[in-house]
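Novice: The compositional bias 'Gly residues' annotation in TrEMBL covers 359-370. The feature compositional bias 'Low complexity' is assigned by TrEMBL to 378-387. Under the heading domain 'Palmitoyltransferase DHHC', TrEMBL lists 154-278. Summarising the annotation, TrEMBL assigns region 'Disordered' to 110-134, 346-423. Annotated transmembrane segment per TrEMBL: 50-69, 81-102, 198-221, 241-262, in sequence order.
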């Protein structure tokens, strides 16, 4: 006799065995990041380069303290020579702290969606025969208007979301990052909206540290020249450590000093490194430029937005998505990736009242106001064609704040478009 057993209740035996496994967010993280101290610190996959950078800072400072600053302690009245060593040690710790604050924090990662949005167009390719289900496809590009200029936001197949303006997918960390600037191998982390301030302070402070060591090496050589009545070159020969440090710091200033000047220019024009090399806003109007004072205020005085990710929060372990059959072909549940996913933005800004210039791709823009956290939105399970563009475009435009009316428009592979006005 076949007996139908009643469903198990929470009091039934074995219920706990079927309960979903709870893990912390960092334990189920799909990016390439490396976490420390239970998800309290997040680094890029090349975190080892941080230790190399620390060595390149600490080693020359140690040589300076042992062979230069120690010899200058008694050469200045009122014990002022002691300050030479104290200042260089404290300033070195300050530079290392800025390095760790740059590399060990969330740079502005956009949380991934668990499912792609509901496709709204169908692939009318001739291969689709009678009785077969056509392949549903998402529009690759959406357009939003920022300060009278149309910028494109692109769909990210990896994160299954439309990237906000000025957002890009880092191929090294495998995350979409707000106001993506670049991935710095020296700090082992992406440079984005939430750590750009500390990155600039790090490179500028490292430049000042190099200048400090460079200058007092010459002071020590001049002291030897005056005390022993020899030429400056003979004085340098008597302190080979100073020669090594002078050459080392001179080369370092060319590197970190050049970065400081370059990023000072980028801040003054409200551009990122990626935008500067890709869009060349100096040849056209930048929709995010607030003026020199406003641009520096945005970087150094505006409140840094909170992270959109709680890496220590408990989440349910996601089951593997099954492979489904569509039109006789096996298709994974994720949206099919294309080679242009590596592309991280548009080449040119597109004028609202002029001809569009540039390739298709997500435009990095954003700059004016703080982007609010985007909840993980999903239209999975809705009927085809019922996905509302207002939800997606509105979430992107809500944090921009440049204009009262932001229009959203999507284009698909068939060349069609639809206009939506988000009030």
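Using the three backbone atoms N, Cα and C, a Cβ is placed for every residue, glycine included.
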Novice: State the non-local partners of the transmembrane segment (81-102) in its own chain: residues 6+ outside its ends, Cβ under 8 Å from one of its Cβ atoms.
Specialist: 50, 53-54, 57-58, 61, 64-65, 69-70, 72-75, 184, 187, 189, 191, 195, 198-199, 201-202, 205-206, 208-209, 212-213, 216
Novice: Same chain only, please: residues at least 6 beyond the ends of the transmembrane segment (50-69) with a C-beta under 8 Å from a C-beta of the stretch. Say none if there are none.
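Specialist: Same-chain contacts beyond the ends: 43, 84-85, 88-89, 92, 95-96, 99-100, 103, 186-188, 206, 209, 213, 216-217, 220, 239, 241-242, 244-245, 248-249.
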Novice: Below 8 angstroms Cβ to Cβ, which residues of this chain, lying six or more residues outside the transmembrane segment (241-262), approach it?
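Specialist: Distant Cβ neighbours of the transmembrane segment (241-262) are 60, 63-64, 66-68, 200, 203-204, 206-207, 210-211, 213-214, 217-218, 220-221.
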